[in-house]
Amino acid sequence: MSAPSSLPPAQGENPAPEKEGLAVDTGLKPAGPTPSSSRFQVDLVAEAAGAADKTLASGDKDAPAPEGSEPAAGGEEAKGRFRVVNFVDPSGASPPEAVPAEGFQNGDTVMSEGSLHSSTGGQHHYHYDTHTNTYYLRTFGHNTIDAVPNIDFYRQTAAPLGDKLIRPTLSELHDELDKEPFEDGFANGDELTPAEEAAAKEASEPKGAVKFGWIKGVLVRCMLNIWGVMLFIRMSWIVGQAGIVLSCVIVLMATVVTTITGLSTSAIATNGFVRGGGAYYLISRSLGPEFGGSIGLIFAFANAVAVAMYVVGFAETVVELLSVDCIMTDEINDIRIVGTITVILLLGISVAGMEWEAKAQIFLLVVLITAIFNYFIGSFIPLQSKESQGFFGYDSGIMMENMGPDFRGTESFFSVFAIFFPAATGILAGANISGDLSDPQLAIPRGTLLAILITGIVYLGVAISTGSCIVRDATGNDNDTHSAQIMANCTDAACKFGYDFSSCKSGNGLYNCRYGLQNDFQVMSIVSGFGPIITAGIFSATLSSALASLVSAPKVFQALCKDNIYPGLEMFAKGYGKNNEPLRGYILTFCIALAFILIAELNVIAPIISNFFLASYALINFSVFHASLANSPGWRPSFKYYNMWVSLAGAVLCCVVMFVINWWAALMTNVIVMGLYIYVSYKKPDVNWGSSTQALTYHQALTHSLHLSSVEDHIKNFRPQCLVMTGYPNSRPALLHLVHAFTKNVGLMICGHGSRRPNFKELSNDQTRYQRWLMKNETKAFYTPVFAEDIREGTQYLLQAAGLGRLRPNTLVIGFKNDWKDGDMMNVETYIQMIHDAFDYQYGTVVLRLKEGLDVSHISEQDDLLSSQEKTSGMKDVVVSIDMKDSDGDSSKPSSKATSVQNTQLLIIPQTLNVADQRLLDASQLFKRKQGKGTVDVWWLFDDGGLTLLIPYLLTNKKKWNDCKIRVFIGGKINRIDHDRRAMATLLSKFRIDFSDINVLGDINTKPKKENVTAFEEMIEPYRLKEDDMEQDTAEALKASEPWRITDNELELYRAKTNRQIRLNELLKEHSSTANLIVMSMPLARKGAVSSALYMSWLETLSKDLPPLLLVRGNHQSVLTFYS
């Protein structure tokens, strides 16, 4: 019978018995896939019940045919189907002898003679005939390990929309089966971030959460928030001040800003699955945690304070109605009492759950719409009793009189616009509860844009209506009528209705009228059919806005806390109940709102709140522009009605409106946003949301790299770009720290590593791991490992291929091979040839020598040791590798640091570091510490283009080295010392390089001391060929097998150069024994003429028993110039 494919048991479950290698499909689907399930699904179709014996790869041949199985006929495959539930055969039993020895017959068909590793580790052998009709009639993808496209493979977590399935990894499909067993877990080793883990935990909450559609969840909330108190008690005043035309312009301007923001919100909301968090979630996932974290905090705070604003507005209206005979104490305290009671009731509704809150919103919307209809109905029913208060019904004369502006006092167009615009700041009310929407991608665009359209039309209708039926000024006195005699002198629109309201207008432009558009905020109550309904509408508008803000603030704050952007706020991330309600956030919002309600004076806070909302709108618009500009393939919103330049204009408009409303509040908002941005940037939260900032950074890096490649290099712009053969970056800290000191913010630094491990997966993991290590240790460098047989081959690969365009290394930096006399001399040959390769590739070369050595990798866990240098005790827990081979200063071999337990068995034992290792660890931190007052001695003996001088100059410009002075040593003649010193001083002055002293060495060519010459000869004795003492053929054969050997002819030919190295070491000890660092021209050896042993002996003799020494040789191209 046909049924969905069954799934293999998760690793660790008991495998099926051997005779059940193939299980009959029972049609029962497992409760849910494990992370490793749904990977290998195979359906076997038998042509007849009797064929079951042939298709069973392992199991009892005498097993009866499955119950109900019949021969397959025609295209029917509902009978006799079997399913492989796993490659389970613990015994590793061989297949029946009747099975033909074939490999895979159909590409990646699962069943074959080949051995497969299951999750239990056993090998299993299967085979079936692929040439039967029934085989080819089955659904494609059910007979292969390779998975067909499936939406469940692309989920980030176990989201509410469905379970996450794991597709087979490339290794599982590609690697040799006897090398890579199938592994459970996420494909490619993906790990969940803390935010995703929280989302997964949230998704695993009990089902039954209340989810809202686009009407109840978005449209209703946005309309309630936009239709605020402004509609009933300020819109008429705005028309009186600005006139009908400019009032419509004000409404349209605000609508343009909100519409553009709505389009941008729709674009972001449809560019992937939207979780809870509203504006914070949209901005943070688009622009990254820096902008998202700063906006999220102030947006949540703004919503919390907005609760107080709306509640105080409600309380003021209540107190005004009760002020005649129901004053409890005084007006301010009455507002505090009413406001406190109100916010407690609202909190109760919110805590009761989103369902109750939604019902309350629906009720308030009904009241609000009734009040609006009540006004429009009343405007068509003029009553004589209302005429003295300025309402005469629709009249063209009144409309024409109110068409133009009549700004009074200090009011202007922008001040009136600033008063109206906060009414339009409710467009994110629906998006703020995105986590409670059943389909945010559909609900947010449809509900938000429709709410903007409906509310905009209503505002325009009210503006035109009030301007067409109400005069600007009225006394409210029924006796202010005029006679026919003075009719000719009356010019107001009210005159033709028999009223003269000029008595409240003084000749100097002052007005003391009580009624009319300009004077009575409650004029809409007068016009309406039933006044108390307008009051109910005011109550509805204030309470609905307060309720929406009281719900929005905790939801946004909860999403912010879940992402752990700000440490210490995790407690507010916890949710309760089936809807994951942020009860702690509700309490916090209540406390903030109550505090501002008790102040009861929000005239200063109100503009800041509006600016907070506008800052959010500006960043939402900017997010769309930024994402479009980055041109990331991941920016694919299904909502297409947006434009990046329109979004940019919307962002600019929001910023302009911020300053129009209140310039000092706008400045304060920007300062707060930037302060939070800097804080989050400094903390560097460990999140990666694929933001457009990341995409644009890549885009700019690519663009600038290409542009840089089209420009020729110039001497003035030369900077040392170093390929540093560190092995693992933490293996040679001194080398890393010194090079980083002069390349940080100046040039490129690549930590190269030639690894002998042929496992490319481990190599990739190492690259990721150590790049993170460099970033964590604030080292501006790249780590690039390559697979190579030896260090020379790895270096050759890196010298040729490292870098990109102009961002390529030009200087090779290596550590001195301290142990060259103790190991295989072929390693010395490799090391010296590596230096020759660098010169062949026209690289400068730098060699660092510390007498203690460089390599600390033989002391595993040295990161912990290095961070514990301040400890007084030398006792430490050390992870010791059983197969330690590497010696302390050899950078010519891959580091032996055990970074993966798979390759090396490790023992953790308490160990007291010996004196040498303790000195080595101390020396490894030498260049990380601040250098005291001292000198950097530059022995510029040979002109290599200036690299020998440039490196110490860059070094002493750094903070850790700026107390050190540069001393320059040059060679010269005894009778021209003063002349040579003046010439060098002139050159350094032209290069604008400060120096403290110039020493001319006139005795370089003096013969070295005899004991030093003897010591050199004793050192090279084991490495001499001594061809004069053997047959020529024997000597040639030995030289061919051991090319590093020193011939007698070579030794005699370079006798003078040898003596020079010995003499220079004597001079170095004489003049620079107390220097912080010695930078010296490195001697060259002609390739093919000087053996590796002799060259190594020169370097050894020159640099032994000295402070830290840098041997530098540029590529003889100028890197310094004195031309502008």
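Note that Cβ sites are derived from N, Cα and C of the backbone, with glycine treated the same way.
These numbers come from a predicted model, not from an experiment.
As annotated by TrEMBL, region 'Disordered' applies to 1-80. Among the features that TrEMBL reports, compositional bias 'Low complexity' is placed at 65-75. Marked as domain 'Amino acid permease N-terminal' by TrEMBL: 129-182. If you look up TrEMBL, you'll see 217-723 marked as domain 'Amino acid permease/ SLC12A'. As annotated by TrEMBL, transmembrane segment applies to 218-238, 244-274, 295-315, 335-355, 362-383, 412-431, 443-464, 530-553, 586-606, 612-630, 642-665. Here TrEMBL flags 732-1124 as domain 'SLC12A transporter C-terminal'.
Most Cβ pairs under 8 Å with the transmembrane segment (362-383) belong to 530-553, among the candidate stretches 218-238, 244-274, 295-315, 443-464, 530-553. Away from its own ends, the transmembrane segment (530-553) comes close to residues 221, 224-225, 227-229, 231-233, 278, 300-301, 303-304, 306-307, 310-311, 313-314, 317-318, 321, 342-343, 346-347, 349-350, 354, 357, 360-361, 364-365, 367-368, 370-372, 374-375, 378, 426, 428-429, 432-433, 522, 524, 585-586, 589-590, 593 of its chain (Cβ-Cβ under 8 Å, at least six residues beyond either end). Between the transmembrane segment (412-431) and the transmembrane segment (612-630) there are 3 or more Cβ pairs closer than 8 Å, counting only residues 6 or more apart in sequence, so the two stretches are in contact.
Among the listed stretches 295-315, 612-630, 642-665, the one sharing the most Cβ pairs under 8 Å with the transmembrane segment (218-238) is 295-315. Within its own chain, the transmembrane segment (295-315) has Cβ neighbours under 8 Å at 228-229, 277-280, 283-284, 334-336, 338-339, 342-343, 346, 432, 538-539, 542-543, 545-546, 549-550, 552-554, 556-557, 559-560, 565-566, 588-589, 592-597, 599-600, 602, 605-606, 608-609, 612-613, 615-616, 619, 669, 672-673, 676, counting only residues six or more beyond its boundaries. Beyond the transmembrane segment (443-464), the same-chain residues lying 6 or more positions past its ends with a Cβ under 8 Å from any Cβ of the stretch are 212-215, 217-219, 221-223, 226-227, 231, 235-236, 238-239, 244, 247-248, 251-252, 255, 258-259, 262-263, 265-266, 269-270, 274, 372, 375-376, 423-424, 427-428, 430-431, 434, 437, 524, 639. Counting residues 6+ beyond its ends, the transmembrane segment (612-630) has Cβ neighbours under 8 Å at 257-258, 260-261, 264-265, 267-268, 271, 279, 282-283, 286-287, 291, 295, 298-299, 301-302, 422, 425, 427-428, 642, 644-645, 647-648, 650-651, 654-655, 657-658, 661, 669-670, 673, 692-693, 695-696, 698-699 in the same chain.
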